[in-house]
Amino acid sequence: MGSNKSKPKDASQRRRSLEPAENVHGAGGGAFPASQTPSKPASADGHRGPSAAFAPAAAEPKLFGGFNSSDTVTSPQRAGPLAGGVTTFVALYDYESRTETDLSFKKGERLQIVNNTEGDWWLAHSLSTGQTGYIPSNYVAPSDSIQAEEWYFGKITRRESERLLLNAENPRGTFLVRESETTKGAYCLSVSDFDNAKGLNVKHYKIRKLDSGGFYITSRTQFNSLQQLVAYYSKHADGLCHRLTTVCPTSKPQTQGLAKDAWEIPRESLRLEVKLGQGCFGEVWMGTWNGTTRVAIKTLKPGTMSPEAFLQEAQVMKKLRHEKLVQLYAVVSEEPIYIVTEYMSKGSLLDFLKGETGKYLRLPQLVDMAAQIASGMAYVERMNYVHRDLRAANILVGENLVCKVADFGLARLIEDNEYTARQGAKFPIKWTAPEAALYGRFTIKSDVWSFGILLTELTTKGRVPYPGMVNREVLDQVERGYRMPCPPECPESLHDLMCQCWRKEPEERPTFEYLQAFLEDYFTSTEPQYQPGENL
């Protein structure tokens, strides 16, 4: 296979078959809720897909909220840090310039890096057009490298590979190659399959490395390169569930920021187009930045929070990067404060659950959404950060049931008396752990409590927690040991997980790392006999 191929960007993109095998060696045969958005075109960047390589911009070391802003903060990557002075790269996706200083390019184009490969935006020279400008570093990979192959998805998890492959539109044999989660230096081939008993499912094959540098799935059939292995199995199943037919489609990743040095931006660069929702402290809009880029814009009412405190916190928030967190792009730091983030096409999870689509969601989809949220929060946990306002209204939904955590960290900055009293009308008491509501002790463990409440929102399709109870009553009852009963049709094992999140002593509550693992393996380890019901 040619090594200049890159991943397709959109599920709608025409899928390509693999080229014939070559030189095969070896024997062998076989806060701010957003409402459901209007039907509008998606942003140019797409909304889904594994995060790609980037190196965070250099920053002044500053400890803030337990988070060291000089740390390198990354989510699972397609390509790792670069070594060996590689300067020629190949474009993995099309990119349309957003400013006068960045560079448009097409997928497959070869680019010469002009400056060093640090930061999120690199100065590059196109070998096709002769033009020079800044490019998003996660849209390119070193020429003739494994990262430049369209089927190579890098450091994504087994569960994430299954999310991508279990699309009903994918034919049998749709595949990707990823890093092994369990064996350092090894890879995994993930392939979609179908049978009458299991329906659509995914098989995973470990690709082992020879001491000589070659690769094999079965020792009788060995290859000099991963490219040769993929090309061979595209012609011969040879023990696999099916021959490899089509590279798994995915969307372009978000760029890291809107453009080089586009952090504090002028208000005039934003156009507010469609109002998506309104909360106690502001509004949410779909809009455009610089006339080129689809974004979501939160506008805060003057007096909601101190601009100075917000800007300080935002410097930390923008370094939190994970594929299950809504990315903070830019800010307008003078009042009224504007917060510019990636746009999520399906709006808030709360509205999504209560809407038309919610009726058709069953437990497997709901548990998967919960696992995605837990994955984002496990990253927040690793970064020693605290969300403080985790609930369905602050989760955003994109295409293919992708869920991302939004509004992390903002709640701490709100200066409204009805909120800071913690028992005022604007405070989300029903989602808040007792030690946080009563004594202001907000930690990642109070976020775990809130996650347990969010699980009830998922399993009841958006019902308000503690139905029939007012805030003051909820606080009193919970302090006396009351916990919500198991929702109708919800398995006891899932209710038991909720109750673990609601343990009185914060340190006895599970970690988000545990919650993620439990939910990702739920239908294999906990409820293998699950059968769909009327609502779940």
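Please read every residue number as a count from 1 along the shown chain.
Yeah, the Cβs are placed from backbone N, Cα and C, and that goes for glycine too.
Residues Y134, Y419 are shown; Swiss-Prot lists phosphotyrosine for one of them, Y419. Put simply, Y530 (phosphotyrosine) is 42 Å from G282 (ATP binding site) when counted between their Cα atoms.
In this structure, the CA atom of Y530 (phosphotyrosine) is 38 Å away from the CA atom of Q278 (ATP binding site). In the three-state DSSP assignment, the secondary structure recorded for Y530 (phosphotyrosine) is coil. Across the fold, the C-alpha of Y187 (phosphotyrosine) and the C-alpha of V284 (ATP binding site) stand 42 Å from each other. Helix first, then strand, then coil: DSSP counts for the domain 'SH2' (151-248) stand at 16 helix, 36 strand, 46 coil.
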